[in-house]
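What follows is a single structure, written as structure tokens, with notes after it.
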Amino acid sequence: MYFDGYDGYGYRGASFEQRYQCFSASFIDKPHIETGDRIIMPPSALDRLASLQIDYPMLFELRNDDAERVSHCGVLEFVAEEGRIYMPYWMMENMLLQEGDLLHVKNVTLPKGTYVKLQPHTKDFLDISNPKAILETTLRNFSCLTTGGSIMVAYNNKKYYIDIVETKPSNAISIIETDCEVDFAPPLDYKEPEKPTAPIRGREQVAEAPAEEAEPKFSAFTGTGRRLDGKSSSHQSQPISSARSSEEKLSGAASRYGPSQQSAGSSSVNGTRQAQGKLVFGQNANQNPKGTSKEATMESKQEQPEKEVPKFQPFSGKRYSLRG
């Protein structure tokens, strides 16, 4: 269990170096050591350390040779049985130690830390109302930090594990009576929110193109005609191009058959226009051709208002006497 050396305790030279069996705090009934990084050592270790010219506070290097894990810690008391040390269970988990495994312990001197970067295992630690204040209170129970190691923060009946990502000015630092800058890295389970994907404009334009083509184009003067007297008109308006083409045909026919037929054709056209709309604007507005007189009289007869039905008048009948 011990190294062979001076005074039968296995110490070597002017430094303290020893192997101990490690056990968790539950074996000694001291649960308060779980909130820090300090261990409980046997009284013989205090005797040897007192005889050596070591720096205070007392700091130690813990090494698990089987798992090649290294950490650092302080000491709380010297009341353990000989050949044993008691340490927090979370430290045993970090160093992959089981109850009763051998652990190499050596005293060291560490520089005071100036910077430390921490990374919580879960984002639940950031949900605490004031995580920096909780961390500051917890680190008062710690004596040193090691890069690559982890610490445990107990708060509100819950345990939060935090990795030591970086320490300055060395890989292991002392945090006793020192001003140390603390920085946080994103938690291990943190995921960045997904950025919304921008819609592809090309596809939208292709989809909108057929819809635009399906819209009907505007055509002027294609509505239905309305008469001023309120009666329905059976005449349908024609586009300007068709009206012009009909006029051109009439003018061509007039030039072909002579002026007499041209005047008759124009008079018939004007007559039909006057018969339909009752209002004619232009040079032929005051003309009244003979050919259209009959048609005008027929329309005037048709347009005469119907005879009104006599209204009911009370007490307008014949009188009768009861005497006969």
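Cβ coordinates are placed from backbone N, Cα and C, and glycine is handled just like the others.
No curator has checked TrEMBL annotations; they are predicted automatically.
Look at TrEMBL and you will find 16-111 tagged as domain 'Ubiquitin fusion degradation protein UFD1 N-terminal subdomain 1'.
In the domain 'Ubiquitin fusion degradation protein UFD1 N-terminal subdomain 2' (112-187), helix, strand and coil residues by DSSP number 14 helix, 34 strand, 28 coil. For 112-187, the entry in TrEMBL reads domain 'Ubiquitin fusion degradation protein UFD1 N-terminal subdomain 2'.
Sequence annotations record features per position, and here TrEMBL assigns region 'Disordered' to 187-324.
Annotated compositional bias 'Basic and acidic residues' per TrEMBL: 189-206 (among others), in sequence order.
Taken from TrEMBL, the feature compositional bias 'Low complexity' applies to 233-244.
Residues or ranges marked as compositional bias 'Polar residues' in TrEMBL: 258-275.
According to TrEMBL, the compositional bias 'Basic and acidic residues' annotation covers 292-310 (among others).
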PLDDT averaged over every residue in the domain 'Ubiquitin fusion degradation protein UFD1 N-terminal subdomain 2' (112-187): 90
Residues in the domain 'Ubiquitin fusion degradation protein UFD1 N-terminal subdomain 1' (16-111) grouped by DSSP into helix, strand and remaining coil: 23 helix, 37 strand, 36 coil
